[in-house]
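A.B. asks: Grabbed the feature section from TrEMBL, which reads as follows:
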- 36-60: transmembrane segment (TRANSMEM)
- 80-104: transmembrane segment (TRANSMEM)
- 125-146: transmembrane segment (TRANSMEM)
- 166-187: transmembrane segment (TRANSMEM)
- 194-211: transmembrane segment (TRANSMEM)
- 231-257: transmembrane segment (TRANSMEM)
- 285-307: transmembrane segment (TRANSMEM)
- 327-349: transmembrane segment (TRANSMEM)
- 380-401: transmembrane segment (TRANSMEM)
- 407-430: transmembrane segment (TRANSMEM)
Amino acid sequence: MLKLLAKVWLGINSAYVSLKNRAYFAYREKILARKLIFTFFLLVIFIVCGTITIPGLKLLQFQLDSNSFLGIINTVGGGGLLNFSVVALGISPFITASLFMLIAQTKLFPPIHRLSQSGPAGRRKINIITRFLTLLVAVIQAVVLIRTVILNPDYGFVRLEINTPVFIWLVLPLVLVAGSLFSLFLAEQITDKGVGNGTSLLIFSGIVVGLPRRFQHAFEYLVDLSFSSSLISQVLSFILYIFGFLLILLIAIYVYLAERKIPIQQTGSGMSKNIKEISILPLKLNPAGIMPVIFALIIVSLPTLFSGFLDRNTSAVRNWIDNNMQIYHPIGLIIFIVFNVSFSIIMSLQQSRVDKIAQDFAKNSTFIPGIRPGEQTEDYLISVVLRLSVFSAIYLTFLGILQPVEIMLGLPSAITISGTSIIILATTTLETISQIKARYDAQKVLKQSKKIRKNLQVRKNSPSIDSNQDLLW
């Protein structure tokens, strides 16, 4: 463990030094600096919008559970639901629509699968379908939020100050849908004109903004300043809490960076004996990413969400769902684990796209040593991905049940550590740093090419030297 922590620390330190040097270069060259400032400016706009409660609503004291449906919308949407702001839905409708389209692009849905395989034109059509589906999902989520949160006294989340049908069923849905589309616009602008993936950065910003509040609640819960006799042990408990958070974050970073490297050769190039000369096919240790956990949490929380339409006092169905289908209860936890494992295996195979890799190998005369090209290569890659998906399922299940287990042990939900949020923090940070590095390298190459072209132009425009003036005859 100490060696692992030392390696991670050295990696973070080298990344910091490298990023600092690149930031200085970016400041001198201005182009990358402008992109960073543009990205930061749009993130600030989104965060500010997330603090503006919709006019006509009075926000009451309420703590969202990260593993409930509302907690998932709050996390994936960017944190705006906590204040029931104008961007309360955030980009959660787009995320939901993208997940549905991701499933639809499998061979289970031939029309969409054919579109995904038909090049740029097909991708454009899929993007258009995703946009329309986003609008539909935004309308549905807005209506469900109004019905189950605003009009449901059990939540005690917000109170209506303008209690008219026009405001409830026309103005509120329009504001929520418009805020969601505005959030999607900001995300696309960051992706196109800024640095990093806009969708991931909006989610990242919502999580980061909520971290100080969570640490404050943890300090208030673990440290009681009125009892000076046990103050040292209480402070140590808080330090252990911070250490546990950082340890899980380091594990998430390590797993994200870890790869299964498969050696590959090309026909006619000869067998390389030197390890440095051997080409590799890198496969992520967690090929499924974070999506299986989000999918499983949504499915487990859906019954609880729709049970809000039923009367608690008269409905036996609602009482059974509330007492059994929560992820903190055995049945809900088992259902979550089953769906998480299933989605991990399915999405690992889909994200790895081993069939496409095998086809490209066959076209480019590339092969894995000891494995025949074609069907045998595809079978071998599937077996490797399946083994990786088993680890992915265990890893994601551990992080997914981390918060429910903490609540089962008696910790308040306000201070529990969410494994889902930690994965998002780790992956978004590393992806953004990687993209900054790539842009820096591209800008450096462009600068060198401009310098070479300038030197060639100077040499071309300089007076030509008489080739006969130095001859002896």
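Each position is counted from 1, following the chain as shown.
Glycine is treated like the rest: Cβ placed from N, Cα and C.
What's the neighbourhood like for each of these?
C.D. replies: Long-range contacts of the transmembrane segment (166-187) within the same chain, counting only residues at least 6 positions beyond its ends with a Cβ under 8 Å from a Cβ of the stretch, are 42, 45-46, 49, 54, 56, 77-78, 80, 85-94, 134-135, 138-139, 141-143, 145-146, 150-151, 160, 198-199, 201-202.
For the transmembrane segment (285-307), same-chain residues at least 6 beyond its ends with a Cβ under 8 Å from one of its own Cβ atoms are 67-70, 72, 76, 95-96, 99, 102, 144, 148, 255-256, 258-260, 315, 317-318, 321-322, 325-327, 332, 335-337, 339-340, 343-345, 347-348, 351-352, 385, 388-389, 391-393, 395-396, 399-400, 419-420, 423-424, 427.
The list of residues near the transmembrane segment (407-430) in space but at least 6 beyond its ends in sequence, with Cβ under 8 angstroms from a Cβ of it, reads 63, 65-67, 75, 196-197, 200-201, 203-204, 207-208, 214, 217-218, 221-222, 241, 244-245, 248-249, 252-253, 256-257, 289-290, 293-294, 297, 328, 398-401.
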A.B. asks: Looking only at the recorded stretches 36-60, 125-146, 231-257, which one has the largest tally of CB-CB distances under 8 Å to the transmembrane segment (194-211)?
C.D. replies: 36-60
A.B. asks: Restricting to the same chain and to residues at least six past its boundaries, which positions have a Cβ under 8 Å from a Cβ of the transmembrane segment (80-104)?
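C.D. replies: Answer is 46, 49-54, 57, 59, 64, 70, 72-74, 112-113, 126, 129-130, 133-138, 141-142, 145, 149, 157-158, 175-180, 182-184, 187, 199, 202-203, 206, 210, 291, 294-295, 298, 347, 350.
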A.B. asks: Cβ under 8 Å to the transmembrane segment (125-146), counting only same-chain residues 6 or more beyond its ends: which ones?
C.D. replies: 70, 73, 88-89, 92-94, 96-98, 100-101, 105, 112, 115-116, 168-169, 172-173, 176-177, 180-181, 184, 305
A.B. asks: Using a Cβ-Cβ cut-off of under 8 Å, list the residues of the same chain that are 6+ residues beyond the ends of the transmembrane segment (327-349) and lie near it.
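C.D. replies: Answer is 67, 102, 287-289, 291-293, 295-297, 299-301, 382, 385-386, 388-390, 392-393, 396-397, 400-401, 404, 407-408.
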